[in-house]
Amino acid sequence: MVQLQVFISGLLLLLPGSVDSYEVVKGVVGHPVTIPCTYSTRGGITTTCWGRGQCPYSSCQNILIWTNGYQVTYRSSGRYNIKGRISEGDVSLTIENSVDSDSGLYCCRVEIPGWFNDQKMTFSLEVKPEIPTSPPTRPTTTRPTTTRPTTISTRSTHVPTSTRVSTSTPTPEQTQTHKPEITTFYAHETTAEVTETPSYTPADWNGTVTSSEEAWNNHTVRIPLRKPQRNPTKGFYVGMSVAALLLLLLASTVVVTRYIIIRKKMGSLSFVAFHVSKSRALQNAAIVHPRAEDNIYIIEDRSRGAE
């Protein structure tokens, strides 16, 4: 029994996991964003509320807007509005001039009469800043320039010099030699860097982002959209059905177990009663037999006295 209770408790804890699925809606800061929510009016027109956070068990928490099925009867701010036809079941929420703080969970609750009949849908809103754009720029390239080495050479010259002036025979001329000096300029190359400034256009949040590297060369990158999440109402009903089936199975198991235990107890009691009755019958038979023998002796004594 304890193991069954632990199993059922674990199952009930796992049930909310199937309900916590929600659809992601994206928006851009400064632009209006619409969170879709519709219901079928075949069963009648009913009230609807929008709130922040996950859908509670009843009503809406942090109510943003409320309708009576035909028009808006309450709104917490002028930025919240329902632009669809409310009487036809279109109760999509539009947030004007969205800001970054609008990101988070939103609950659309359509109140349908009956137990657990409300249509609850939870959405995750992601508001991101607009991506700035810049005009396309054409890359420029400068070819490297090369200079040839330049060599400057000087010829040696002999300059006659005399150390002193005298009347004597002049001494041999002294010469001064200049060695040539060679200066070489090595070639150097200058290369200009090529800069490319790709430009981006703002994403329209429908899965397409356009990127351009040149004014004449554009290509489009497709971003896959996230698959829509499963319907939380169906998950809730499936979880409740599984829980009800397990509870029914548990109840039937308890009833069968009690029936078997009671049958065993009744069988043991009948056996004890039969044993007791049998022992009492044997005791009664043993008591009656000596009394019969006493009666015989009394009759014989009386017959002898008569003689």
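The chain as shown is numbered from 1 upward.
Note: Cβ is positioned from N, Cα and C throughout, glycine not excepted.
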N-linked glycosylation site per Swiss-Prot (candidates: ASN206, ASN218): ASN206
Swiss-Prot annotation, disulfide partner of CYS60 among CYS37, CYS49: CYS49
Member of CYS107, CYS108 annotated by Swiss-Prot as disulfide partner of CYS55: CYS107
Averaged pLDDT, computed only over the residues in the topological domain 'Cytoplasmic' (257-307): 63
The domain 'Ig-like V-type' (22-124): DSSP-derived helix, strand, coil residue counts: 6 helix, 43 strand, 54 coil
